[in-house]
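Since the structure comes first, as structure tokens, the remarks are kept for the end.
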Amino acid sequence: GWQTLVKSGSLSYVLPCNRLPVQLMSQVRVYTSNGQKKDLGSEDTNVSRAEDTVPKGAAGQDANSAGQKQSFLKQPIQVKVKAVLKKREYGPKYTQNNFITGVRAINEFCLKSSDLDQLRKIKRRSPHDDTETFTVYLRSDVEAKSLEVWGSPEALARERKRRKEAEIEYRENLFRNQRLLREYKEFFGNTKPRSSTAAMFLKGPGKVVMVAICINGLNFIFKLLAWVYTGSASMFSEAIHSLADTCNQALLALGISQSARTPDPSHPYGFTNMRYIASLISGVGIFMMGAGLSWYHGIMGLLHPHPIESLLWAYCILAGSLVSEGATLLVAINEIRRSARAKGLSFYQYVVQSRDPSTNVVLLEDAAAVLSVAVAATCMGLTSLTGNPYYDSLGSLGVGTLLGTVSAFLIYTNTEALLGKSIQPEQLQRLTELLESDAVVRAIHDVKATDMGMSKVRFKAEVDFDGRVVTRSYLEKQDIEQLLQEIQQVKTLEELEAFMLKHGENIIDTLGAEVDRLEKDLKQRNPDVRHVDLEIL
């Protein structure tokens, strides 16, 4: 053995280290320096030899110091060692116990649905809202079945390569496949229900856009004839204005039809932003086509004035255009009022927030059309009274300025919507309070709520869950007496590990169920919330 002398003042303490007692799980065992273990009450001759090797100079000290050293030597040092599980290395063998869905098993391991019928089926909590549970398979079973079907890993790899090449070939011939699909739909069209795309143009924003297309198209034809007859710059601006409105509203109709497409793997959140894209392009078109040509024609009229023929027919056409544009404007106003009332917003808030971009474009274009008709009629009247053609050219510049203002507003509002602006602070506060009022939530952080367009909101938050409440929620569904018996039967570390792993996995499933419940509550109390992402802290 070895010894250590610690001197403090006139005292000297000798620590015999040739035996080290260790207490583990309420059982004290003594480990000697040579690796042998003995009971605490057994005699050890090494202690006597260690005591004999104390220097004689130390023995000559006073009796009190000798008595303290002797009592200290007789008391062994007890060290409590905490029992912990050995850290386990999880390799590929352990991950074979992971679950895999049937779709992935068929796609990744080149199996058929009939091949999965013979495998073990496990019911797990479903991540989808429409189903409570769904069937999964053990990955090890699926791998074994694939080897049984294909014979060897090499054959499976060849089949995967062949399918990958077939997929690439399919993508390259996508246009041909789409054409064949359209022919298939046309052939079986009488046996399938009618598409809902056509119904979109019979009500709501689609109806407003179709009415505007018809009216503006007729206005363009009549205004063009009036310009050819009179040569008025203001009438030319009005004709260009109606043509721009017709083209832009046709573009809006295309955006409405495209926004109704169902989500696909490439666009998991759908195509609702197509309405904003169409409205943005419409705003750019108004600026380039309507405002640009009106300014150009007005400037040319100022630089090269020419006399204007009789404006009688022009006045008649402007009067008819005022009536038709006013009727379309009333249709758009009524639609926006109805939608704003349903959302609990004012008319101004609904327009500024660009809740319905298609109807907003029709509203602003028709409002600009009515004002531009008034401007054109006023300038043409001044030209008729004074005989000065400059008034008519100024009217063309006024119409162009009005169109430029409308296009700038449309570009700004639709750009803001496409960038993904946040929802209103009051609505975000309601969502936050709903989460914080739940007992299972301790705190929430990094809250984001993005308006995806067309009354669709994506909500994201990092949630600090109360583990005690989650555990209690799990225990409320268990038989406490049976659980107590399981605890009492635990005697070894292996049994304790098995017990904790069993109930730990169940508690994690309970936590997942609580997340699903919170997401469902958010969607039910706030219909605009379509996508909820809750991250667990």
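Counting starts with 1 at the first residue shown.
The backbone N, Cα and C atoms fix where each Cβ goes, glycine too.
Feature annotations, courtesy of TrEMBL:
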DOMAIN    209-419  domain 'Cation efflux protein transmembrane'
TRANSMEM  208-229  transmembrane segment
TRANSMEM  276-299  transmembrane segment
TRANSMEM  311-333  transmembrane segment
TRANSMEM  367-387  transmembrane segment
TRANSMEM  393-412  transmembrane segment
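When Cβ-Cβ distances below 8 Å are used as the criterion, the transmembrane segment (208-229) is approached by residues 201, 235-236, 238-239, 242-243, 245-246, 249-250, 252-253, 256, 309, 313-314, 317, 320-321, 324-325, 327-328, 331-332, 335, 358-359, 362, 365-366, 369 of the same chain, each at least six residues removed from its ends. Against the transmembrane segment (393-412), stretch 276-299 shows more Cβ pairs under 8 Å than any other of 276-299, 311-333, 367-387. Counting residues 6+ beyond its ends, the transmembrane segment (367-387) has Cβ neighbours under 8 Å at 216, 232, 234-235, 237-238, 241-242, 245, 308, 311, 314-315, 318, 321-322, 325-326, 329, 394-396, 398-399, 402-403, 405-406 in the same chain.
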